[in-house]
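Inspection log for the structure reproduced underneath, given as structure tokens.
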Amino acid sequence: MTKFVFVTGGVVSSLGKGIAAASLAAILESRGLKVTLLKLDPYINVDPGTMSPFQHGEVFVTEDGAETDLDLGHYERFITAKMRKVNNFTTGQIYESVIRKERRGEYLGKTVQVIPHITNEIQDYIYRGAEGFDVALVEIGGTVGDIESLPFLEAARQLSLRAGRNAAAFVHLTLVPYLVSAGELKTKPTQHSVQKLREIGISPDALLCRADRPIPDDERAKISLFSNVPEDAVISVWDADTIYKIPQMLYDQGLDRIVCEKLALSPKPADLSVWTKLVHALENPKHSVTIGMVGKYVDLTESYKSLTEALRHAGIHTESRVNIEYLDSEEIEASGPQCLAKYDAILVPGGFGKRGVEGKIAAARFAREHAIPYFGICLGMQVALIEYARNVAGLTKANSTEFDPDTEQPVVALINEWQNHDGKVERRDLNSDLGGTMRLGSQTCAVKPGTLAAEIYGNEVTERHRHRYEANNHYLGRVEEAGLIVSARTPAESLCEIMELPRTGEHAHPWYVGVQYHPEFNSTPRDGHPLFISFIKAALAHKQAEESKKVT
């Protein structure tokens, strides 16, 4: 039978519940348990797919094509289990499901209410996501005291009661702020947060106390006394320079022991050697590179969370410190791309909409003409294709119908029929809903032999997608005639998946790659990702070559 660990948060949001839950999951997995994580989001949106990155941050895509909370990216980076659609659900999905059942008459004429119908539906979703695992960690979004979170907390309380003794544990993450004026840590917000949780009927088995410094024993004892949590279960979680130190921090204070005792589990001892090695590699780099990332959401770097982590993973596996500087594509559009000359490599990530796109096109051209390693992801590939079509292939009016619906040369266009990750044929048009109408999830395609992509991936590539627009095959042949290499295509529709510049000949470039998919979703600190590792190696080579020029 699956055991449950519910992770809640108090005082303020953005304390790091996802990192805490993923770190505990990593420890439990190292103890031989089969572990998964679920994220319960209280917002009414069906999923985050149509939410602004400034509102929500990154949308993480699972292998089976779900658009989910960015915390699922943390989950996959900390444990080996892959997340699925069932690992993330929202208030919107719950109400949508309950209303469908009511319309079908499944409630037999009863008055449909939050209790029991909504809370029962939440429990059903939790059990569905946890099926087949020894332990499921369930992160409840929001903050205790929020109206939106109440049905989820009530469902967790009911599930714990129904599942019986030793079937569920509650871990509460809270803030212990340091007041400079008083010169001390303040425990009162934590006391009130636990009190609020207990009013709901939930008594935490462990407290994770976030602070900017380790919490002294006397303060932990005070928190224990007023929150009715054993002192050894009051865990100090202070600011760390890398999230990959958190598993060791929690293990050193016995959080996994407390949880296992509560759940009556006796697994093997933990082995955190993989995290020790990762942290050592992060703290002892032999090289350094600086990447210029040209995007439109640069004021909120959470929008590129998986991407920045993938670059850091590549740094771990190349013994390099990867410095990332975020550049607003609108500023490049206004002042020109000359500021990019100082970078060891340039990356243009995915995105949507017309704003700042000409700055991204200028960045792609600057990288091509100055032999700077270039990596274009999703939209980053499309702008590189547009740039090459305009300035090399003679298609001077080339554009995407996303930015100019009436463009005379739509080298990038909306695809209206495609095969999804499960083989199902999907269709859409300009009038389709925005939500859930993209090419989503993992797909596999063959890689053209003799290309840079083949050196990186081998014979085939399987990656995750999230986009509506594709390279237009009507123009792709002309661009290929001008020297661009299409090194991978989808098997069913022959859509461009990878494009690159040749490394020899008239249009030679040392490393210039665009991909239609999102490889960052498959990167982990344990293994890195071959494409990002190759990119960082190219950045190192470019940096070395530029330094050699200065010497001579």
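Just so you know, glycine gets a Cβ as well, placed from its N, Cα and C.
For Cys378 (active site, nucleophile), the same-chain residues lying six or more positions away in sequence with a CB closer than 8 A to its CB are Pro349, Gly350, Gly351, Arg466, His467, Val515, Gln516, Tyr517, His518. Feature annotation from Swiss-Prot assigns active site, nucleophile to Cys378.
Taken from Swiss-Prot, the feature UTP binding site covers Ser13, Lys186, Thr187, Lys188, Pro189, Thr190, Gln191, Lys222, and the record attributes it to sequence analysis. Taking the Cβ of Thr187 (UTP binding site) as reference, residues of its chain lying under 8 Å away and at least six apart in sequence are, in sequence order, Val176, Glu219, Lys222, Ile223, Phe226.
If you look up Swiss-Prot, you'll see Ser13, Asp146, Ile147, Glu148, Lys186, Thr187, Lys188, Pro189, Thr190, Gln191, Lys222 marked as CTP binding site, on the strength of sequence analysis. Mapped onto three states, the DSSP output places Lys186 (UTP binding site) in coil.
Within the same chain, the residues at least 6 positions away from Gly18 (ATP binding site) whose Cβ sits under 8 Å from its Cβ are Lys39, Asp69, Leu70, Asp71, His74, Tyr75, Glu139, listed in sequence order. Taken from Swiss-Prot, the feature ATP binding site covers Ser14, Leu15, Gly16, Lys17, Gly18, Ile19, Asp71.
Annotated Mg(2+) binding site per Swiss-Prot: Asp71, Glu139, in sequence order.
Within its own chain, Leu379 (L-glutamine binding site) has Val348, Pro349, Gly350, Gly351, Phe352, Val357, Lys360, His467 as residues 6 or more apart in sequence whose C-beta sits under 8 angstroms from its own. The L-glutamine binding site feature in Swiss-Prot is assigned to Gly351, Leu379, Gly380, Met381, Gln382, Glu402, Arg468.
What Swiss-Prot lists as domain 'Glutamine amidotransferase type-1' is 290-545, and the listing cites sequence analysis.
The region 'Amidoligase domain' annotation in Swiss-Prot covers 1-265 and rests on sequence analysis.
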Of all the binding-site residues here, Ser13, Gln191, Gln382, which one's CB has the most other CB atoms within 10 A?
Gln382
I'd like the number of other C-beta atoms within 10 A of the C-beta of Thr190 (UTP binding site), please.
29
DSSP-derived class (H/G/I helix, E/B strand, else coil) of Glu139 (Mg(2+) binding site):
strand
How far is it from Leu15 (ATP binding site) to Arg468 (L-glutamine binding site), counting Cα to Cα, in Å?
34
Counting across all protein chains shown, how many other Cβ atoms sit within 10 Å of the Cβ of Leu15 (ATP binding site)?
19
